[in-house]
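Per TrEMBL, the features are as follows:
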{"type": "TRANSMEM", "residues": "12-32", "note": "transmembrane segment"}
{"type": "TRANSMEM", "residues": "52-71", "note": "transmembrane segment"}
{"type": "TRANSMEM", "residues": "92-112", "note": "transmembrane segment"}
{"type": "TRANSMEM", "residues": "118-136", "note": "transmembrane segment"}
{"type": "TRANSMEM", "residues": "157-177", "note": "transmembrane segment"}
{"type": "TRANSMEM", "residues": "189-208", "note": "transmembrane segment"}
{"type": "TRANSMEM", "residues": "213-231", "note": "transmembrane segment"}
{"type": "TRANSMEM", "residues": "243-263", "note": "transmembrane segment"}
Amino acid sequence: METKAETRQLETPIKITVAVTYLIMVIVNALANILPINGIDTGAISDSYPNLFAPAGLTFSIWGVIYLLLLGYTLYQFGLFQGDKSKVKTELLRKIGIVFSASSVVNAAWIFSWHYRMIGLSVILMLVILLSLIYINQLILKEKLDQKEKLFIRLPFSVYFGWITVATIANITTLLVDIGWNGFGISESIWTILIIVIGLVIGAVTMIRNHDIAYGLVIIWAYAGILIKHMSQDGFAGQYTGIIMTVIACIVLMGVAIGYVLFAKKQAPTSLK
């Protein structure tokens, strides 16, 4: 049986790996637009594959929030903000740390695949990130967390998971544009409406099942970005009424779903994490 000292020795390399891979992810994402990588910034590449699902550019500012929350997690797993060390869920942090470190490297690799227009590879990498976050969130859901743990462990991965859910759909949409898919003769606007509805169903079911309001709010943020893109003059200037009405309806429905989760938590606070 491992002693506490031996356990700490095993944990330290994981903590360092989490910090290093987090920094790699953030630095690569920053350099992608500062340099920029391959002479073009991340948003410009997205714009070069025009589709009706893409959100307004300001929507991507959520990455700043995600990186800040993940920084909080990274510092927390190092020992900051933990308080009573005897109550720290070291095994949970160890498991998350291993998967998160791998996903951070994949995130950085995604940037290179995207900037060098290897769209098929970028979809595969995005799916790896998505699966990693599904696994991490399932690990978290199995634990009973106090308020501090919800802030530094659950919240970062809820927000990250929510955004990657929508980003995966957007990435696959870009791939379809890249290969010149004709949609079986069905108009792009109809396919976009279908994708938006599917995204809502996935998002709402995930949020309700996980009792994860933060995840749901991120879906609303992403859909608000799509709405802005469709209504703004530098976007689609209101050309696609069906898409606009669908997005508005989806935002309202997600709001209702969030209300349901809030109500359920008030009704049974001890049974919901």
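Including glycine, each Cβ sits where the backbone N, Cα and C put it.
Those TrEMBL annotations? Automatic predictions, nothing curated.
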Among 12-32, 118-136, 157-177, 243-263, stretch most in contact with the transmembrane segment (189-208) (C-beta, under 8 angstroms): 243-263
Long-range environment of the transmembrane segment (157-177) - Cβ separation under 8 angstroms, sequence gap at least 6: 46, 49-51, 53-55, 62-63, 65-66, 69-70, 73, 96, 119-120, 122-123, 126-127, 129-130, 133-134, 136-137, 140, 183, 195, 198-199, 202-203, 206, 210, 212, 214-219, 222-223
Candidates 12-32, 213-231, 243-263; stretch with most C-beta pairs under 8 Å toward the transmembrane segment (52-71): 213-231
Chain residues in Cβ proximity to the transmembrane segment (12-32) (below 8 Å; excluding those fewer than six residues from its ends, i.e. six or more beyond): 41-42, 63, 67, 70-71, 74, 77-78, 94, 97-98, 100-102, 104-105, 107-108, 111-112, 115
Positions whose Cβ lies under 8 angstroms from the transmembrane segment (243-263), at least six residues beyond its ends: 52, 189, 192-193, 196-197, 199-200, 203-204, 207-208, 211-213, 216-217, 219-220, 223-224, 226-227, 230-231
